[in-house]
Every structure is written in structure tokens, then in C-alpha cells.
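TrEMBL has this to say about the protein:
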- 1-421: domain 'Major facilitator superfamily (MFS) profile' (DOMAIN)
- 26-51: transmembrane segment (TRANSMEM)
- 57-77: transmembrane segment (TRANSMEM)
- 89-110: transmembrane segment (TRANSMEM)
- 116-138: transmembrane segment (TRANSMEM)
- 239-260: transmembrane segment (TRANSMEM)
- 272-290: transmembrane segment (TRANSMEM)
- 302-320: transmembrane segment (TRANSMEM)
- 326-348: transmembrane segment (TRANSMEM)
- 360-382: transmembrane segment (TRANSMEM)
- 388-409: transmembrane segment (TRANSMEM)
Amino acid sequence: MNPKSCTVARVADRTSPSLWRNRDYLSWWTGTAFSVLGSNVSVVAFPLLVVFGTGSVFGAGVIAAAGRIGLLITTLWGGALADRVSRRLILVGVPLVQAVLMAGVTITIWTGHVWIPVLGAIGLVAGLLVGVASGAELPALRRIVPREQFAARAAQEQGLHQAAQLIASPLAALLYTLARWLPFALDAVTFLLGSLFSALVRRPLGPEPRSDESGRRPSFLADVRGGLRVVRRTPFLRYTMVWVAVTNMVGNSFLLLLIVLLKERGAGPRTIGVINSMVLVGGLLGAVLAGRILERVGSRRVFLIGGWVYVVTLALAAVSPQQWQIALVAALFVFASVPTVSVWEAYLASLVPDEFVGRVGSVANFAAQSLVWLGLLLVGLLVDHLGATVGVLCYAALLVPFAVCNLFARSLAVLSTPLAQVQEVDVT
């Protein structure tokens, strides 16, 4: 292998200590672990509460949709805010507000009331807060984690989310059976812990004071436009924003299609739950092995191969006759997504100057979420008219153009450069 194409993991080993010896990163990771676990417990508990408490599936959908709408509303603005005001204040303060919201949900349920409009409004506000907080995470992590370790950090974060989902489903069900309000009380406590551990981070998280040539601070709209301008002027970012929008839409839709596909193959709820756990284990293995994969294969090849693994595994899932076969290829799909997405996140963070990381990161978050709602709607239409098998094949077909373009796209040439040597883009 050419020395100039040395991998992220190997460079990290030579130049930086383990992330687990980074006290600030460990504080951030611990707080995030608590928050993510609590949030996933609530995600499972809300449908249980509404469906079993009111019998309204539509009500559960309203609450979920309200949260997603709130997230989209503030995602772009959250990045602009993170490049203007104290990121520490955002990362410490937002979880405190989220804890108050979940405490309100807990009290409402404890008193015996399940009001869909109230829970929907709380879901909307919670989504707004997530959009604000997410804008501060990437620029703060850029101050905490060395550049050459960003891919490893991204893989660990994805593994954390997979593990939280794996634990949250049975935990939410257990707590709900003990008392309907317990899952939400746990979520409130985990938000408090998330705020506490964010406050323990010692390094300055920025941003530094800035102004334009006239000495005045640019408007929020100008900040948002600034983030979009950086994306528009950077070939890698411009191409991958479209890629992540479509890929994330397919990934989220596939998880729903998987349930229908397994049902068509005769699987019951218990079997589907077991298979879902197997799929999440695939993501955990991807997080554990991502560093070695990057070391042996290299960032560019990982990204290219990942695109084709997506297509092949979706197609195989569609035509596999046995439930265990579907479980295996679905787990491989999730496994491949971890190193692939880790490469994208690491190079995005390395290319963008610190003063623009919040805004560009929010553009990326917005792009990743922008088509999810459409994909979920298309699932229903495709399944109702064509069946789950054809539906999965249609989603596989959506990714074929990207898998082909990845082979020739000049905008991906930067992936051949080691992270430690990546130059920030010129935003002037």
C-alpha cells in the first residue's frame, strides 16, 4: 500500500493516545451514552403509551411526526447558533430543558392523563431542542478529538447508538409494565446526566468572537447562507450531501420494509424482534471493526465498497426466501454503513474551517433527514400496490446510480488523502 494512502486508524495510533484516554472525550461520550439511551427508551415507550392507553395508532404517528418536524425546523438554525454563541452553554443548557420537558410528560402520565395534543406539542418542542443541540455537537467534538481520530470517533458514536437501541427496546417494555411513567422519568434523569457530563469537559469549545468588516455581527440568515455557500463551493460536500440524503432515506425506509418483508415470510412479532436485535448487533460489530477495516482497506475503498454493499444486500434481502437469510443480509447492510458513514463524517469535519463547522454540520444533518419522511410515505405506497419484495428492490435501485458514480466522481478524490493531511477549504 502506498504510504501516502495510510489509513485513519494507523495515523491515529502513531500520533495520538487512545480516545479513551482523552478525559474530555470520555466525559462527552458518557453524557451522550446516558442521553441516547434515555431518548431511545422514550422513542419505544411513546407508541406503547398511546396505542395501549388510547388505542390510537394515528396519535402515536402524530407525536413521532411532531418531533421530526421540530428537528427539521431548527437543524439549519442550530448550526448558525453554534457558530455564534457558547457551544458549552448549548450542550449543557439544552439537556436541562429536555429534562424539564420529560419531567412534565412523567407528571402528566402519573396523574392518569394521556393527551395527544399535549404530547404532540411536547414532541415538537423536543424536536426543536434536538435540532439546536445537534448543531453544537460536531464543532465541539472538533475541539475535543484530534482530526486523525475523527473516523474512529464517528464509528464509536454509531456503535453507541446501535447499543442504545438494542438495550432500549426491552428496557422500555420492562419499565412500562412496572409503571407507565417510568420510561419517561428515566429519560428525564438521563438528560440531567448528559448535561452534567457535558459541563465536565474542560477544553474551550468555542466559538471565538467574530464580526464582518464593518464590525457588526452577520445576521442568522447570513450565517445559514454561509454554511450553504461552503457546501456549494466544495465538491466533496456538494456531492455527498445528495448521497447522504438518498442513502439515509433508503436506510430508514428499509428498517420499516424489513418488518413487512419478514411478515410476508411468515415471521411473527417475537421473531421480528429477535431479527431486529441481530441487525443491531451487525451495527455494533461494524463499530468494533471499523478501525481495522479502515486500516486494511483505506478510506476511498471503504466508501466505494460500502455503496455496492448497500445495493447488493438490499437486493438479496428482497429475494431471500428464508427469514434467517434476510436477517443476515440486513445485518451486513447495517455493518457496512458504520465505516462508510464514519469516513464521510471524518472528512467533512476535516475539510471545514472551525468557524463554519456548526453551520456545515447542520446542513449535513438537514440533508440526512430531509427525505426520510418521503421515504416512509413511499414504503406504504409501494407495499400496498406492489408488495414488500418489489418495494425493497425499488429502494436498491435508487442507490445504484450512486454506487456507479462513486467509482468515477472526482469530488471523492480527497478520500485518497490521509485525514491528518487534509487541507481546510478556502471559504473566502
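Here, residue 1 is simply the first one shown, and the rest follow in order.
Using the three backbone atoms N, Cα and C, a Cβ is placed for every residue, glycine included.
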The transmembrane segment (272-290) touching the transmembrane segment (302-320) per 3+ Cβ pairs under 8 Å rule: no
Stretch among 89-110, 239-260, 360-382 sharing the most Cβ pairs under 8 Å with the transmembrane segment (57-77): 360-382
Per Cβ pairs under 8 Å, the stretch of 89-110, 272-290, 360-382 packing most closely against the transmembrane segment (116-138): 89-110
Spatial neighbours of the transmembrane segment (326-348) far in sequence, C-beta under 8 Å, 6+ residues away: 8, 150-155, 158-159, 162, 236-237, 240, 243-244, 251, 254, 258, 261-262, 265, 275, 278-283, 285-287, 289-290, 293-294, 299, 302-303, 305-307, 309-310, 313-314, 316-317, 320, 360-361, 364, 414-415, 419, 422
Mean of the pLDDT scores, which run from 0 to 100, over the domain 'Major facilitator superfamily (MFS) profile' (1-421): 87
